[in-house]
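Colleague: One structure follows; several queries about it will come next.
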Amino acid sequence: MSLSSLLVPAILFFALGMFACLIKSDLKFPPDMHKMIVIYLLIGIGLHGGKALAGSDMGSALPAVWAALAFGCGLPIVAYIILRALGKIDPLNAAAISAHYGSVSAGTYMTAVAFLGGIGVTYEAYPVIMLAIMESPAIMIGLVLAGYSRKILGGATKADKGMYKHLIIEAFTNGSILLLFGSMAIGWVVSDPSYKKIEPFFELIFMGALCIFLCDMGMEAGKRLSEFKTVGVFLVCFGIAMPLIGAVCGLFVGHFLLGYSIGGITLVTVLAASCSYIAVPPAMRLAIPEANPSFYLTLSLGVTFPFNVVVGIPMYYAAAQYLHETYYPW
Amino acid sequence: MSLSSLLVPAILFFALGMFACLIKSDLKFPPDMHKMIVIYLLIGIGLHGGKALAGSDMGSALPAVWAALAFGCGLPIVAYIILRALGKIDPLNAAAISAHYGSVSAGTYMTAVAFLGGIGVTYEAYPVIMLAIMESPAIMIGLVLAGYSRKILGGATKADKGMYKHLIIEAFTNGSILLLFGSMAIGWVVSDPSYKKIEPFFELIFMGALCIFLCDMGMEAGKRLSEFKTVGVFLVCFGIAMPLIGAVCGLFVGHFLLGYSIGGITLVTVLAASCSYIAVPPAMRLAIPEANPSFYLTLSLGVTFPFNVVVGIPMYYAAAQYLHETYYPW
Amino acid sequence: MSLSSLLVPAILFFALGMFACLIKSDLKFPPDMHKMIVIYLLIGIGLHGGKALAGSDMGSALPAVWAALAFGCGLPIVAYIILRALGKIDPLNAAAISAHYGSVSAGTYMTAVAFLGGIGVTYEAYPVIMLAIMESPAIMIGLVLAGYSRKILGGATKADKGMYKHLIIEAFTNGSILLLFGSMAIGWVVSDPSYKKIEPFFELIFMGALCIFLCDMGMEAGKRLSEFKTVGVFLVCFGIAMPLIGAVCGLFVGHFLLGYSIGGITLVTVLAASCSYIAVPPAMRLAIPEANPSFYLTLSLGVTFPFNVVVGIPMYYAAAQYLHETYYPW
Amino acid sequence: MVLRPDILVTMKRIEIVIDEKSLDDMLRLLRDADVRGYTVIKKAGGLGSTGERNPDDYVLEEHNAVMVLACEEDQAEKVIMTLQPKLKDFGGMCLISDCQWVIGPAASL
Amino acid sequence: MVLRPDILVTMKRIEIVIDEKSLDDMLRLLRDADVRGYTVIKKAGGLGSTGERNPDDYVLEEHNAVMVLACEEDQAEKVIMTLQPKLKDFGGMCLISDCQWVIGPAASL
Amino acid sequence: MVLRPDILVTMKRIEIVIDEKSLDDMLRLLRDADVRGYTVIKKAGGLGSTGERNPDDYVLEEHNAVMVLACEEDQAEKVIMTLQPKLKDFGGMCLISDCQWVIGPAASL
Ligand SMILES: Nc1ncnc2c1ncn2[C@@H]1O[C@H](COP(=O)(O)O)[C@@H](O)[C@H]1O
Ligand SMILES: Nc1ncnc2c1ncn2[C@@H]1O[C@H](COP(=O)(O)O)[C@@H](O)[C@H]1O
Ligand SMILES: Nc1ncnc2c1ncn2[C@@H]1O[C@H](COP(=O)(O)O)[C@@H](O)[C@H]1O
Ligand code: NA
Ligand code: NA
Ligand code: NA
């Protein structure tokens, strides 16, 4: 893997966005533009994934589903323990932060797809299912951790049952998850000639639109990064260490348990290492109003996301490559 | 026509939007996104239509123009009579609702185009002229019906002359009509190599963009549909019966008078069966402030539009096919 | 050059936008749509330019840089002298207006590119550097002219040093300039296969998106044009004469000094003739609050921009052709 | 004030700020209290007991709605009596002040 | 109020809500009445005698504009006298209330 | 007013309009004055001593922010004392008026 393979346009645009933020440029993308591109990209991933799944063996998808659930439930607990034991972070903030790490970042996933595409590496159809599944369980675990934390603190449970129900329903009717699942289903059922008609919009121009999205995310990450002082050194370190822990789990699961190709392992690793900034933050804001949003937002958007995009993805790919060549299990 | 031909992505995305609304998902597209896609789609249809017309015999376009005017003037009167005679709807609401059914829905037209494209059926260049022409006459007839209704009611005419003039001018300077006619004219005059340069944007990615538009429309229709209780059973039935009446007229005119191919008949039928939710509602709101907007909006967006998109178009196509094969007039 | 070569879709859409404004249509594009397309187009130009530059001799780019700086500094001074000597315009308004003419309009540049593309004329890679460079120097000269004007007027310098520093920093961190330079750099460094992935989005659909942009600009120009009474006959004449003066300089520099092809000369001429409506107006509003914004906005957007788009570009092209054929310097 | 009193009616101005998500519930309550006029401004931000609400935040986009309604004193009382028991649930703020409504020309009344 | 009276000027606060389409006419009237300061918030919704206006409605998007202007009492009178005859045409509402304008440091006045 | 006085607290309503660019500085000042509640509406337009600000203008897009804050009288004094020296720099306007805050049901206080 040469240096030039790191010069993926999408990642360079991310860097451009961060640079714009760094030099305090007045560059600003309209907020609605961001929402539109997210909608477009989610549908695009969904359709593409659905089409790929339609052509693959669905029995083999089950292990991916289990892996997704395991990540979604396991990683937040690991994160919670680390935050509590090593960082002495107060229980409610720890719970809120943890939930984010069980979930995924579609932006990181798409950057990884762009990265793999740039160096011509193929991958399995299943990771996209994991992407769609992983957003919700982490929210549930976040609620459980919050309840546990409140018990520790001994205070009255501020969050009533109605809210929990509301949050659980929301976790499954969440717009982006619905869009992802819905377009996966559509990609699955439509005939090839029908798909061909919409392919130019959803596939041909996808990578370009992703560049604009990542440029915007770069600015957003830069803004958050500039607040890193408020979160302290420990949390910043955690924001880099936690994706690495997730990555190790992802590499292990992707290679030994799922037995994917290098591309597939990379994507599974990226899913495990990434951290939500779409569905989980609003849920945690509602479920744990006592937690400080600037903690989990700075970590998720300002530390872990840029780390994964700029450093993580190539690293995970290299690790997947090494693993695949060294411990070839068959 | 097999079931799979109904699995047009555009229609599936419409269903996804309605589903999102049904399960009360928080999915929401930015309002500006909707406006942008509408602008894009109108220009796209216009350019495509203009280019097609440039290559066809303009003398043959005249019957289409007459048919459009006849639909625009005749259908609202039919609707008004039905609403008054059968439904005992008060005159002003009847007038406001009627006007909508003389006009057309570009969204339904585009879905029909996507449907025909999906099953590989070609069509004449003229229906797009009808689309462009039909928006305005219905507004005029709506004004006439409103004046007539007011005379019946014997009250002072609330709407002054200035407003009528204003509305008539608006009916012809209306943004979407202008965009449609303007881009038709541009598609007409530009040379083929020039057109090739803009074709990727306006044609290649058209069907994909239409999917996003219809997903949004599905949510909008779902929202309106949920208000159907306020309009009552009679009006909901009318909202399904009236497009069928329009469709019968459309089939007859398209086949026997215009002598179009199956695809062309289908489009003419769709135009006659569809019902405006762009230019007519604001005009009626201004012209007949006494009418209840939730009546005509629920009917147009919540009943007739989804009926046409999901059930109507394949039905009209089947009918056109049957007609074309059975009563081949030549 | 036949008449049909003037029927470039982009220019026709500009005319459509002006027409919509003229007939007072309610056509209106969402403001965010405009911002989004501008962002997209700037990135598109930048990437394309960067890619072209990567394949060309960078030593030869230096003369283009010098020419850009010369235009940026020289043209405002010429404009200032004309406005003061012939028009008796008050010093501060003259300074504000002048600054605009040293800068460039990316919209005009892109229209010229579309025009050349439409008639199949190629051009050098260097003018895009000039486009990126020329926005800032004119702002500096504007500040200098403002300071000079204030000295003439003998009043206290209203603008403090802090603001000057702020403006100079802004001139270099300005969003659009950053976007242009940034994407030029990205286009430069990315590998060909990587570029291919984002090309469909940034190049294939570029010309179509430009049409929508120019339709919007047509409406904007129309709105401004309708205010031409407030600026008076002299300024309107200036708004047409000044681009012609710039064009003569551009033709001379492009042909004799830079030795470009017909396409290249046309673009250099367009840059010299065009007039900023993005970065310069806000800078002048801040630097010279005493100047009347409706003067420079009407001139820049309402007079010079439409003049260049509709009349100027074909004229400059014809002149470049004539010059190239008559005074072939080698 | 020198203004002719015949064109001014003394009224109460009620100004409410709540989370945009609760706006529909609030409007329903207002309609129950027979309110026949109000103005709503959405996408407002603010700071309150539940922290900051920033409509421009990329991830945690939260909006307030500002509502203004002018009504006669007894109507205002009715409104306040209807709203007051729910105010804790809605959060936000509810202010009342005095104002004068300018009425249009008598002819067309 | 314990606030030093030298930094407060008693003024009238005029608050107008009208259909956004009539905003330009209204502003023209205000300029005729020599108003030299106002604030406008667009895209407001509301309920009034002509029904609901909902800026978020997909089909029937209608906007109100909210205008606030602070001026001295006699200026306020002039404004009201100019506006009042047109109020029926504009629809919406026009409120006046008392307020105090905080003036900046005297030095730079 | 017949409204039960136990649910009303007399307060001051401060209304500030400034350039959106200065909003952050203003909010910082307010936080320094221990303000614990405010509401902000952005993207307002207006006319003032520095000319027109039009958030819809294509080239010269300029926004005002409207801030409303309700607080007790002594708090209001503190706020005004903090803001007043900077008002010239900020430009815009700052109004104070009287209002009454409606407090929620006592039970959940
Ligand atoms: N004292 C206040 N002055 C102005 N606005 C307030 C005040 N308190 C609360 N608000 C507004 O009400 C919203 C919700 O308040 P809360 O429920 O207390 O968090 C805040 O975001 C503010 O916009
Ligand atoms: N009593 C009121 N209180 C607050 N706003 C009002 C009131 N009456 C009317 N409005 C506003 O004025 C707009 C137009 O009113 P109208 O012309 O009566 O329909 C409404 O949409 C409201 O936003
Ligand atoms: N008398 C006034 N009434 C209402 N708003 C005002 C007034 N004076 C100034 N403003 C607002 O404050 C902004 C800035 O004012 P200025 O700094 O004087 O230009 C204006 O754009 C208006 O929105
Ligand atoms: Na994860
Ligand atoms: Na019809
Ligand atoms: Na120039």
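Cβ coordinates come from backbone N, Cα and C, glycine included.
Found this in TrEMBL, in case it helps:
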| type | residues | note |
| --- | --- | --- |
| TRANSMEM | C:6-25 | transmembrane segment |
| TRANSMEM | C:37-54 | transmembrane segment |
| TRANSMEM | C:60-83 | transmembrane segment |
| TRANSMEM | C:95-119 | transmembrane segment |
| TRANSMEM | C:125-146 | transmembrane segment |
| TRANSMEM | C:167-189 | transmembrane segment |
| TRANSMEM | C:201-219 | transmembrane segment |
| TRANSMEM | C:231-254 | transmembrane segment |
| TRANSMEM | C:260-283 | transmembrane segment |
| TRANSMEM | C:295-319 | transmembrane segment |
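Please go over these features one by one and say how buried each is and what sits next to it.
Modeller: Remote same-chain residues near the transmembrane segment (C:37-54) are listed as 61, 106, 109-110, 113, 125-126, 128-129, 131-132, 176, 179-190, 195, 198, 202-203, 206, 209-210, 212-213, 216, 278 (criterion: CB distance under 8 Å, separation of at least six residues from the stretch ends).
If you look at the transmembrane segment (C:95-119), the same-chain residues 6 or more away from its ends with a CB under 8 A from one of its CBs are 1, 5, 8-11, 14, 38, 41-42, 45, 71-77, 79-80, 83, 89, 127, 130-131, 134-135, 137-139, 141-142, 145-146, 148-149, 176, 180, 207, 210, 213-214, 217, 235, 238, 242-243, 246, 263, 266-267, 270-271, 273-281, 283-284, 287-288, 291, 295-296, 299-300, 304-305, 308-309, 312-314, 316-317.
Away from its own ends, the transmembrane segment (C:125-146) comes close to residues 45-46, 48-49, 52-53, 55-56, 60-61, 63-65, 67-69, 71-73, 75-77, 80, 92, 94-96, 98-104, 106, 109, 159, 164, 167-168, 171-172, 174, 176-177, 180-181, 184, 258, 260, 264, 267-268, 271, 276, 278-280, 283-284, 287-288 of its chain (Cβ-Cβ under 8 Å, at least six residues beyond either end).
Sequence-distant neighbours of the transmembrane segment (C:167-189) (same chain, 6+ residues past either end, Cβ-Cβ under 8 Å): 38-39, 42-54, 106, 128-129, 131-132, 135-136, 139-140, 143, 195, 278-279, 283, 286-287.
Beyond the transmembrane segment (C:201-219), the same-chain residues lying 6 or more positions past its ends with a Cβ under 8 Å from any Cβ of the stretch are 9-11, 13-21, 27-29, 33-34, 37-38, 40-41, 43-44, 47-48, 107, 110-111, 114, 117, 305-306, 309.
Sequence-distant contacts of the transmembrane segment (C:295-319) (same chain, at least 6 residues past either end, Cβ-Cβ under 8 Å): 1, 5-6, 11, 14-15, 18, 93, 96-97, 100-101, 105, 107-108, 111-112, 115-116, 121, 214, 217-218, 220-228, 230-231, 235-236, 238-240, 242-243, 247, 250-251, 262, 266, 269-270, 273-277, 280-281, 284.
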Colleague: Between the transmembrane segment (C:231-254) and the stretches C:6-25, C:60-83, C:260-283, work out which stretch tops the count of Cβ pairs under 8 Å.
Modeller: C:260-283
Colleague: Apart from its near flanks, which chain residues at least 6 from the ends of the transmembrane segment (C:60-83) lie with a Cβ under 8 angstroms of it?
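Modeller: Same-chain residues near the transmembrane segment (C:60-83) but 6 or more away: 53, 89, 93-95, 97-99, 101-103, 125-127, 129-130, 133-134, 136-138, 140-142, 145, 238, 241-242, 245-246, 249-250, 253, 257-258, 268, 271-272.
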Colleague: By a Cβ-Cβ criterion of under 8 Å, what residues six or more beyond either terminus of the transmembrane segment (C:6-25) are in contact with it?
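Modeller: Residues 110-111, 114-115, 118, 207, 210-212, 214-223, 225-226, 306, 309-310, 313-314.
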